Each structure stands twice: as structure tokens, then as C-alpha cells.
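Q: Take this structure, written in C-alpha cells, and hold onto it; I'll ask about it next.
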Amino acid sequence: MSSFWRREGQGENDGLVKSFLQSYIAIMENTGKTRLPFMKMHGLGNDFVVIDLRAGGEMPSAGVVTRIADRHRGVGFDQLAVIETDPEADARLTFFNADGSLSAACGNATRCIARYLIDETGKTHLRLRTDHAVLLVEEAGNGLTRVNMGPPVLDWRTIPIAEDLDTLHLPIPGDPVATGMGNPHITFFVEDADAVDLATFGPAHEHHPLYPQRTNVEVVQVLSDSEIKLRIWERGTGPTLASGSCSCAAAVAAARRGLTGRRVKVNVPEGGSLEIDWREDGVWMTGPTAYVFDGVWRE
């Protein structure tokens, strides 16, 4: 089998191939009006496109976000995050779901960007502003990064849900828990998380009428008083391999139910885990980060 990508001097058509490649590169460098540099990162497989606008540039439109999100025709991601300057914090973060909708919180993306900024600045503590709150970040050692996601939201009006209900026991089959972590969550406790048909279960509850802004869906299997197993359906994205805010919401729900303590190991679907510690000053999330590649989006 011959290869299209031949080395120079490897056959009589080398000049033609070289000319074609030069023309192709020139066309690509001048294609389209949009030229948007980005970074690809992930936290335990929960992947993000990160756009750094601290030096200037326009916030991407919902249409651009959805085109970049396409895993077959674009780059592909679970969430897209934009970094901007902030006068009172180290940076401001804005999050988009894959469907182009905004999200006030994204724990894994916050942790990944925090690691990027820690490495860039040499600081061990950061303050990052999101649409939910100013989040505190710290170097945790051994390549790990820790984020205070803030206190959980337990009041029905602020999560929000549509009615004045006990958020610890929603009147829905499965007796789920409602929690806010800057975005809404519904958490179900089951005997076997792998047995749940998430492709059906997830969207049915993401769009439940009790949640006017839709919701993230967590299916949790309690392994011990300090460890849980988590499967995730993210609002506006679908099934994901991990989620920081979902891990926090699941841990808070388990502790409120008395199923675990306030510090738990959260195991995510494809291996790996986050440590969630619900303290007096907020819910702290500790975990790994990964920088994958950078590129330029053109259209």
C-alpha cells in the first residue's frame, strides 16, 4: 500500500506532491474570517475546549460553540470555557455546554484552567470568577489541583426547582435529591449504577418539569461511607466520563441522606476518581488535570 504523505525524493511525483502540500498549507492559513486559537484539556475524560481571550477577542457565539462541539465535523468537547481578565480576580471564566447554552459552573474545566494558570503564573493560590461565584483554587501537590466550588445550594428557589418542595426527597419515582452547585442537579441512589439505561433515564430527568432550567442527572451507587460510584448525564451535553459539579452534588446528596460522611472518593465511569470534601466553607474538589493539544479553529 502506498502512502500519500511521501518524503521528498521518494519517487517521480515528489515535485507534484510538494507543490500540492505547499498550496494546501497556504489555503488553510488564509481560510475563513474566523481564526480562534484554542487548547484542548480534560479532567478524567471530561473534555473541554478552552479559549484564552485575556489578550482580547470576541466571545464565541452559540453557533460557533456548537460547530466546534461537533465531534465529527469540529473539535468535540463536553464543555467550552473562555478565559478573560477580571479586575478583582486572577481570571474570569465563562462556560458553554455542547448545545451552545451557558452554564454558571463547570468544576472539571475550572480545575483544568486553574492548573494552566498555576503553571503559567507560578502562584499556588488563585481566585477565579464564574457566573456562580468567585472560586478559590490551590495547588494540592502530586500533580493535583483543588477547587472550592462554594457552599451547596439547598433551597428550592435557588437551585432552582419549580415548587416549594423538600429538596432532600423530591416526589419523583426513585426518591431523588435536588442540589445546586451553581447549576441544578438531581441525584438518584441505586443498587447498581451500571444497570441504569442512562440514554433513556438521563434525558427524561434532564427535562423534568420540576426543573425550569433543566438539570444535570446523577446516578449514584454507594460503595461505603467514604466512597461512591457515579454515572452522569450532563445538562446540554449528555453522558460524560466525569463531572466536577456532578461529583460535588452527588457527594452532598449522599451526606445529606446519611449514606456517607462529608468526605468521599467519587469513582467515575472510565476509571479515576475525585476527592470531594464538604467543609464549612464550601465543597472542595481535588483531582488530576490533563493538557491534550492546542490548535486554531477557522471558518
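The backbone N, Cα and C atoms fix where each Cβ goes, and this holds for glycine too.
Sharing the record's features from TrEMBL:
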type     : residues                                                                            : note
ACT_SITE : Cys106                                                                              : active site
ACT_SITE : Cys106                                                                              : active site, proton donor
BINDING  : Asn46, Gln79, Asn97, Gly107, Asn108, Asn183, Asn216, Glu234, Arg235, Gly244, Ser245 : substrate binding site
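Each of these features: where is it, how hidden is it, and who are its neighbours?
A: Long-range C-beta contacts of Cys106 (active site), restricted to its own chain and to partners at least six residues apart, with a cutoff below 8 Å, comprise Phe48, Gln79, Ala81, Leu93, Phe95, Gly244, Ser245.
Cys106 (active site) falls outside any helix or strand according to DSSP and counts as coil.
Over all protein chains present, the Cβ of Asn108 (substrate binding site) has 33 other Cβ atoms lying within 10 Å.
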Q: According to DSSP, collapsed to three classes, what secondary structure does Asn216 (substrate binding site) have?
A: strand
